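**Q** Feature table excerpt (TrEMBL):
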type     : residues                                             : note
BINDING  : B:L8, B:G9, B:L10, B:G11, B:T12, B:V13, B:G14, B:T15 : NADP(+) binding site
BINDING  : B:K102                                               : NADPH binding site
BINDING  : B:E187                                               : L-homoserine binding site
ACT_SITE : B:K202                                               : active site, proton donor
DOMAIN   : B:357-428                                            : domain 'ACT'
Protein chains: 2
Amino acid sequence: MAFKIGLLGLGTVGTGTVQILLDTNGRHPLLQGLSLHRVGVRSLSKPRQVELPETLLTTDLEEIVTDPNVDIVVELIGGLEPARSLILKAISHGKHVVTANKAVISRYADEIFTAANEKGVYVMLEAAVGGGIPVIQPLKQSLGANRIHRIMGIVNGTTNYILTRMQLEGVDFSEVLAIAQELGYAEADPTADVDGLDAADKIAILASLGFGGRIKLSEVYCEGIRNINASDISYADRLGFVIKLLAIASRDSQATAENDLLSIRVHPTLVPKAHPLASINDVYNAILIEGEPIGQVMFFGPGAGAGPTASAVVSDILNIAAVLNSPLSGEVHPLMSCTHQHYCNLAPMEDLITRFYARFITQDESGVIGKLGTCFGNHDVSIESIVQIDTHGELAEIVVVTHDVREGNFRQALDEIQSFNVVNRIPSILRVL
Amino acid sequence: MAFKIGLLGLGTVGTGTVQILLDTNGRHPLLQGLSLHRVGVRSLSKPRQVELPETLLTTDLEEIVTDPNVDIVVELIGGLEPARSLILKAISHGKHVVTANKAVISRYADEIFTAANEKGVYVMLEAAVGGGIPVIQPLKQSLGANRIHRIMGIVNGTTNYILTRMQLEGVDFSEVLAIAQELGYAEADPTADVDGLDAADKIAILASLGFGGRIKLSEVYCEGIRNINASDISYADRLGFVIKLLAIASRDSQATAENDLLSIRVHPTLVPKAHPLASINDVYNAILIEGEPIGQVMFFGPGAGAGPTASAVVSDILNIAAVLNSPLSGEVHPLMSCTHQHYCNLAPMEDLITRFYARFITQDESGVIGKLGTCFGNHDVSIESIVQIDTHGELAEIVVVTHDVREGNFRQALDEIQSFNVVNRIPSILRVL
């Protein structure tokens with residue numbers, strides 16, 4: 001039986017997907033049972049990188065998601081609307097859906113999976129996180145025996161490229177951003193990437209799968225990399241760290257059997273140089289998953305790009321085709337569906353237990369380090385090191401690294417320190433892995 | 001519906017598997033529909049790490065694989081026999097099989113999968129390669145859209161531990177082997193590990209899945225690490241490499257559409273320090289897969305151990321339970337079965353195109369380097385560097401690194417060089433990535 005695909009969007013990833021579907025030799029034989037039935041585009045006259053019969057193209061996307069001949073709708077238009085409505089309409093017409101749309105899935109998972117479960121169709125999203133890296137399917141299937149403790153990754157290629165260049169070339173954020181924009185690694189409006197919003201979408205999706213519950217995106221803590229400067233990268237380097245934008249979802253230390261609390265957050269982080277994530281550079285992505293009994297596994301690869309993302313899209317199509325090919329009697333495949341319905345509880349950031357790095361500009365006079373140390377001690381903040389790293393005229397630059405402390409306590413100490421006459425300002429506060 | 005598991009073997013991995021099956025809270029909900037029906041052990045009186053009702057235990061393994069109540073047989077006894085016969089008997093009685101047995105699968109895949117396909121049952125083997133690292137399932141499912149070009153990995157923890165210690169501590173093979181044996185990282189008879197046989201089993205399995213054909217294990221080239229000594233590690237280090245035992249399967253450069261030639265081999269390899277595999281240390285495993293259009297993806301994690309391997313075993317059980325749970329009408333799930341039947345053609349090693357490192361002990365006299373260089377040139381072996389690294393009395397130590405050359409040409413040049421009066425011996429010949 002041949003399954004018919006309706007493709008929405010013929011941009012970079014859409015084109016990569018069509019290229020695989022039209023050239024199946026040497027790939028999985030199941031691909032030969034698939035046919036591209038309709039392709040929805042914005043304009044029929046735009047020049048394209050793939051040759052398609054004109055009869056396949058349409059600008060009427062609604063027509064595709066309601067076409068009774070289409071079995072699988074592949075949504076690659078991105079953005080919130082009309083993507084969300086088209087996905088929902090496809091589901092309501094009994095189509096299976098494959099999407100790379102992290103923004104829609106992280107915001108509307110509840111609505112979309114509830115509709116999909118009611119209709120008995122699959123919504124597959126391997127391409128939404130980590131580009132070509134298989135991570136959604138391993139989380140849903142290969143790691144199912146585990147209790148997941150933590151998912152932690154570099155899931156945004158743009159910011160990783162920027163931080164890598166800053167690290168290697170010692171230049172400041174704005175300078176590298178301009179280069180990244182020229183190279184096409186960063187958008188003209190870089191907000192979604194550099195402010196961590198894209199990474200937040202992705203960690204919300206991974207957390208939902210790993211911890212088996214839905215996630216309110218608005219509760220995910222999100223801090224970007226705009227404030228990272230060359231001095232922090234250089235001081236971190238001296239201390240044995242590189243700075244990476246990490247997306248982290250973990251079971252909170254306060255979690256109990258009754259109250260399963262998660263901590264989900266995106267923020268620049270000092271990562272020890274020997275840590276597996278420290279050497280993930282440029283636009284590469286990596287996701288580290290910790291669980292019991294597996295320990296640590298890491299998935300590494302290209303986090304974006306036409307080919308890798310299309311590889312993930314087509315793997316989802318194959319998975320659906322495989323179960324359609326051997327028709328199931330009634331129930332959906334339990335390792336391919338997302339049936340959890342409850343929302344996870346997220347712990348407030350002040351309850352986070354983490355190490356901190358903070359840089360202070362103070363008057364260069366004796367006793368300052370003692371004052372800082374005493375104040376931290378009063379707030380139960382245990383210090384690993386306080387080092388006067390530099391002096392500029394009358395001012396001293398002091399870097400503090402803490403042991404694991406409660407974030408709320410650290411913030412209270414900082415509030416007090418900020419009011420000290422000898423303290424000029426606190427330009428950097430970063431978490432340490 | 002509850003599925004019944006018959007477990008063969010209650011060693012390390014068997015115990016880990018039972019621990020997961022008896023403590024399912026917080027793991028995939030599908031586990032709650034599984035029950036441990038029989039457990040086959042060698043002796044009923046041996047003390048155990050898990051408490052099991054005595055009625056579950058039996059020393060009669062045949063009884064388990066023929067028990068009409070058992071749905072899934074989990075083979076964790078290892079070794080060739082009776083493992084092979086028990087797997088075949090389980091299949092002939094219509095049981096699905098989960099195994100961690102790389103030795104049996106790499107030798108008897110043809111027999112086993114032919115029988116399984118005839119009976120319409122699954123034989124799952126995630127635990128056979130890379131311990132807990134999900135790599136079998138990604139190859140069968142997530143990477144199905146790709147044309148695989150190369151699979152390359154560190155798949156034996158024992159040898160990677162030994163090479164890592166040699167690298168970090170500058171000691172010789174035999175010394176580290178003794179320590180590894182004391183720590184339980186190496187067997188009393190370390191042959192299967194240090195001679196590369198275990199890695200050969202594993203790469204044969206990965207190649208079969210990646211390239212969609214069966215592999216004759218006897219045709220896989222296999223060279224272990226016994227001859228690696230501290231000087232080679234130190235010279236490699238100076239040249240910017242670490243030495244790793246790599247298992248590599250790639251499409252041969254001579255492959256054509258008509259003649260799909262593979263090259264499959266296990267050998268110590270000089271790996272550039274910046275390469276992702278160079279930093280995989282100790283007992284960790286990593287598998288790098290290259291394909292079109294995905295580029296490179298890497299899977300990293302614990303390559304052995306009770307917990308990680310049991311995680312892989314149980315993920316296979318879950319996959320089978322998932323399809324049993326939603327009964328298929330007739331056909332088996334095409335992404336879970338292995339239906340290819342042809343054997344792949346393997347290219348002879350002399351046709352391999354690779355870089356080489358070779359160390360020569362020669363008379364310390366002028367003109368030797370010229371003689372070596374001329375001889376290599378005559379055999380079309382292009383040299384990257386010839387360096388006299390050391391002198392010992394009248395003897396000089398010379399290290400040659402080539403560009404990509406045909407292995408046959410390089411071997412012919414070496415034969416000729418060996419006959420030179422000025423050449424004392426050639427203690428090391430290693431391939432370079």
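Every residue, even glycine, has its Cβ placed from backbone N, Cα and C.
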**Q** Quick check on the binding-site residues: of B:L8, B:L10, B:V13, whose CB has the lowest count of neighbouring CB atoms inside 10 Å?
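**A** Sparsest of the binding-site residues B:L8, B:L10, B:V13 by Cβ contacts within 10 Å: B:L10.
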**Q** Using DSSP and three states only, what is B:L8 (NADP(+) binding site)?
**A** strand
**Q** When DSSP states are grouped into helix, strand and coil, how many residues of the domain 'ACT' (B:357-428) land in each?
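**A** In the domain 'ACT' (B:357-428), the DSSP-based counts are 23 helix, 33 strand, 16 coil.
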**Q** How does the model score the domain 'ACT' (B:357-428) in terms of mean pLDDT?
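**A** It averages 94.
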**Q** Between C-alpha atoms, which of these recorded positions comes nearest to B:E187 (L-homoserine binding site): B:L10, B:T12, B:K202?
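**A** With Cα distances computed to B:E187 (L-homoserine binding site), the winner among B:L10, B:T12, B:K202 is B:T12.
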**Q** Going by DSSP, give the three-state secondary structure for B:E187 (L-homoserine binding site).
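**A** Assignment for B:E187 (L-homoserine binding site) reads coil.
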**Q** If you count the other Cβ atoms within 10 Å of each Cβ, which of the recorded positions B:K102, B:K202 comes out on top?
**A** B:K202
**Q** For the recorded NADP(+) site formed by B:L8, B:G9, B:L10, B:G11, B:T12, B:V13, B:G14, B:T15, which further same-chain residues have Cβ atoms within 8 Å of the site's Cβ center?
**A** B:L7, B:G16, B:T17, B:V18, B:L76, B:I77
**Q** Taking just the CA atoms, what is the gap between B:L10 (NADP(+) binding site) and the residue listed as 'active site, proton donor' in Å?
**A** 23
**Q** Express the distance between the Cα positions of B:T15 (NADP(+) binding site) and B:K202 (active site, proton donor) as a whole number of Å.
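**A** Rounded to a whole number, the Cα-Cα distance is 23 Å.
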**Q** Out of B:G9, B:G11, B:G14, which of the binding-site residues has the smallest number of neighbouring Cβ atoms within 10 Å?
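**A** So among B:G9, B:G11, B:G14, the binding-site residues given, the one with the fewest Cβ atoms within 10 Å is B:G11.
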**Q** Could you measure between B:K102 (NADPH binding site) and B:K202 (active site, proton donor) for me? Cα positions, answer in whole angstrom.
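**A** If we compare the Cα positions of B:K102 (NADPH binding site) and B:K202 (active site, proton donor), the gap is 6 Å.
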**Q** Note down the number of other Cβ atoms within 10 Å of the Cβ of B:T15 (NADP(+) binding site), including every protein chain shown.
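**A** If we count other Cβ atoms within 10 Å of B:T15 (NADP(+) binding site), we arrive at 17.
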**Q** May I ask which residues of the same chain, at least 6 positions away in sequence, place their Cβ under 8 angstroms from the Cβ of B:T12 (NADP(+) binding site)?
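**A** In sequence order, the residues whose Cβ lies under 8 Å from that of B:T12 (NADP(+) binding site) (at least 6 apart) are B:G305, B:A306, B:T309.
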